[in-house]
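Comments concern the structure below.
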Amino acid sequence: MSLTLNTPLDMHLHLRDGEMLTHIAKSSGKTFSGAIIMPNLVPPVCTKEDVLAYQERINTAMGEEVFTPYMTLFFKPSYDKAFLSSVRDTITAVKLYPAGITTNSEGGVSGFDVEELRPTLEAMSELNIPLCVHGETNGFVMDRETEFASIYERLATAFPKLKIIMEHITTRSSVDLLGKFDNLYATITLHHLLITLDDVAGGMLQPHLFCKPIAKRPEDRDALLEVALNAHPKVMFGSDSAPHPKEAKEACGCAAGVFTAPIALQVLAELFEKHDALENLQDFICTNAQNIYGVRPPSKTITLEKIPFQVPSDYNGVVPIYANQEIAYSIV
Ligand code: NCD
Ligand code: ZN
């Protein structure tokens with residue numbers, strides 16, 4: 001059995017920089033037509049020059065692959081309308097991190113004072129630049145996303161024309177929030193559709209499944225599955241594939257991030273097939289994102305074949321999800 005997917009998009013991707021970028025870029029470039037590229041480099045992507053230079057390094061690393069990097073800026077409350085106008089055509093979104101909440105987010109926002117953020121967010125709204133948000137407080141780890149809901153509500157109410165993307169949602173309460181505000185959207189990762197906290201820490205600790213936000217309860221995963229498998233028009237696939245070297249994961253002080261890019265599409269196909277929802281996969285991995293972001297990626301056809309694939313132990317020293325295990329689909 002074979003399956004054809006058109007122009008798959010990954011609306012939340014970490015490609016890193018330097019040697020890591022060179023090694024992992026094609027894991028995405030081979031299967032995806034484009035991706036929203038996260039700006040949490042060290043130092044973060046904050047200027048037009050940063051964006052253009054990073055975009056060029058990505059294009060170089062992709063080589064011949066047909067792939068559009070949709071660039072983002074790391075949110076700063078100091079961005080004014082003149083600056084945002086000058087970068088409007090170079091970026092697809094701005095990514096907001098609460099300070100210190102995840103990998104390389106130290107320069108993010110603290111406090112979430114709407115008035116302090118107003119000039120930047122109003123300018124983004126006027127320029128139709130979507131705001132992508134890592135929605136976690138620094139509360140108890142299992143409650144961080146739910147606690148952030150009140151901030152999403154404040155932002156969605158104060159800036160009704162601003163498109164706000166709740167990145168990598170992991171809870172039923174975030175799914176419920178989607179229905180309450182017209183301007184809230186969400187990305188969902190592959191791993192949060194597959195695992196719960198039990199898979200991370202229920203037995204021997206699994207560092208390669210450790211990420212922010214942490215995987216939650218079975219009922220949360222069920223809520224995510226429901227909207228993903230039905231290709232709810234306000235949700236789109238965003239892998240949050242976040243490679244770290246094996247030594248940084250298998251360490252005392254494990255880095256957060258799950259590396260899924262090389263097998264994301266194949267495993268999504270397996271998951272949607274298992275739930276008898278293959279007819280919705282195309283919307284989840286492409287059409288919804290095109291509608292929400294208005295992007296028009298280059299056309300790319302990917303054929304998956306129902307031939308078992310043995311996932312490698314690592315890709316240049318980065319351990320993927322399902323390392324050394326077999327998955328049902330191979331890329332032809
Ligand atoms: C991401 C990373 O490693 O950059 N880590 C993660 O656990 N998801 C950052 C992020 O998206 O939170
Ligand atoms: Zn991320």
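The backbone N, Cα and C atoms fix where each Cβ goes, glycine too.
Note: TrEMBL annotation is automatic and uncurated.
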Problem set entry | One of D240, D276, D283 listed by TrEMBL as binding Zn(2+) 1 at the site of H12, H14, K95 | D240
Exercise. Nearest to R16 (substrate binding site) by Cα, among K95, H168, D240 (binding-site residues)?
Worked result: D240
Problem set entry | Mean of pLDDT values spanning the domain 'Amidohydrolase-related' (10-295) | 98
Exercise. With respect to ligand 1, which members of the binding-site residues R16, K95, A256 satisfy a Cβ distance under 6 angstroms to one of its atoms?
Worked result: A256
Exercise. For H134 (substrate binding site), which residues of its chain lie six or more apart in sequence with Cβ-Cβ distance below 8 Å?
Worked result: K95, L96, Y97, P98, I101, T102, S105, G108, E167, H168, K212
Seminar exercise, completed: Cα of A256 (substrate binding site) to Cα of H12 (Zn(2+) 1 binding site), in Å and rounded, measures 15
Exercise. Taking only the binding-site residues H12, H14, D240, which one has a CA atom nearest to the CA atom of N40 (substrate binding site)?
Worked result: H14
For this session: Determine which residues of this chain, when K95, H134, H168 are set aside, have a Cβ within 8 Å of the centroid of the Zn(2+) 2 site's Cβ atoms, and list them as they appear in the sequence.
Result: H12, M38, L96, Y97, T102, C132, V133, G135, E167, D240
